[in-house]
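Data block below; observations after.
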Amino acid sequence: MDRSNQTSPGLGFILLGLSAHPKLVSTFFVLILLMYLVILMGNGVLILVTISDSHLHTPMYFFLGNLSFLDICYTTSSVPLILDSFLTPRKTIPFSACAVQMFLSFAMGATECVLLGMMAFDRYVAICKPLRYPEIMSKSAYVPMAASSWVAGSSTAMVQTSLAMRLPFCGDNIINHFTCEILAVLKLACADISINVISMTVANVIFLGIPVLFISFSYVFIIATILRIPSAEGRRKAFSTCSAHLTVVVVFYGTILFMYGKPKSKDPQGADKQDLSDKLISLFYGVVTPMLNPIIYSLRNKDVKAAVKNLIFRKHFAQLPLQCPE
């Protein structure tokens with residue numbers, strides 16, 4: 001390796017974003033900004049109702065509150081940087097800031113993978129073992145389960161970020177992405193990245209493969225149990241308790257599989273279009289999915305809808321002036 005071509009980490013990285021497509025910048029700036037505001041408001045309301053409404057003090061809504069907080073953290077770690085890259089073409093980001101943003105994004109993504117698996121287990125116990133649900137999903141069980149999701153996600157993010165940012169980088173340090181996405185950063189390394197590839201492969205198996213298998217097996221048992229319920233009304237009620245989670249899982253993992261599973265183009269012009277496609281799909285994964293989560297749970301869960309209505313009702317009447325009888 002020619003060390004004379006290495007770039008000093010102190011110079012930071014340049015984020016290309018959509019600088020090659022200036023006509024798209026204004027549209028996507030407004031679109032992403034509006035989506036981010038919806039994410040903050042929607043997930044913020046879900047956190048508020050799961051804390052304030054005593055009817056939602058259950059394991060399922062505790063996990064939902066964690067998911068909403070996670071979505072806010074995930075988008076906040078990247079969306080402000082994305083919006084800034086729209087306003088500042090070829091945005092320069094310091095090396096340390098890039099490392100922090102990479103860690104936060106990776107940690108939140110890995111944590112969500114584990115958390116969705118925990119939520120699937122909660123639905124499995126609720127439907128397949130309802131009599132033992134209070135015993136199995138006690139507070140002493142579900143709080144450590146949620147905490148372990150955060151610890152596991154943060155731990156793997158620390159490992160992956162440390163391995164990536166200790167590499168030597170060559171050339172102009174130009175990242176062809178909106179953010180310091182780890183795969184885009186690894187392309188700039190002028191050293192052997194086989195350890196990084198092996199480490200990420202192991203992490204993908206642990207945080208993508210195992211949760212997907214766990215969720216799939218959980219829903220096989222859940223569906224089998226629901227189909228054995230004699231009444232149609234009973235089947236409908238049982239399925240309604242897990243339909244929102246199942247929808248979120250399909251959107252979350254479906255986007256990941258589509259993003260990393262589609263074939264790569266070998267044609268140079270096709271490669272340019274694919275780079276743009278990869279960026280936009282990544283944007284969908286990072287912004288649209290967190291925006292859909294509170295919408296899905298609000299539309300498909302009657303307890304959440306009732307809690308939101310009660311919150312609005314209480315706030316409305318709290319603002320009305322008191323009138324004393326004459």
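Residue 1 is the first one shown; counting continues down the chain.
Each residue, glycine too, has its Cβ placed from N, Cα and C.
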Of 141-159, 160-178, which range does TrEMBL call transmembrane segment?
141-159
Quick check on the annotations: TrEMBL lists transmembrane segment for one of 280-299, 300-319. Which range is it?
280-299
What mean pLDDT does the predicted model reach across the domain 'G-protein coupled receptors family 1 profile' (42-297)?
86
Contact between the transmembrane segment (61-83) and the transmembrane segment (141-159) (at least 3 Cβ pairs under 8 Å, separation 6+):
yes
Of the listed stretches 28-49, 103-121, 239-260, which one has the most C-beta pairs under 8 A with the transmembrane segment (205-227)?
103-121
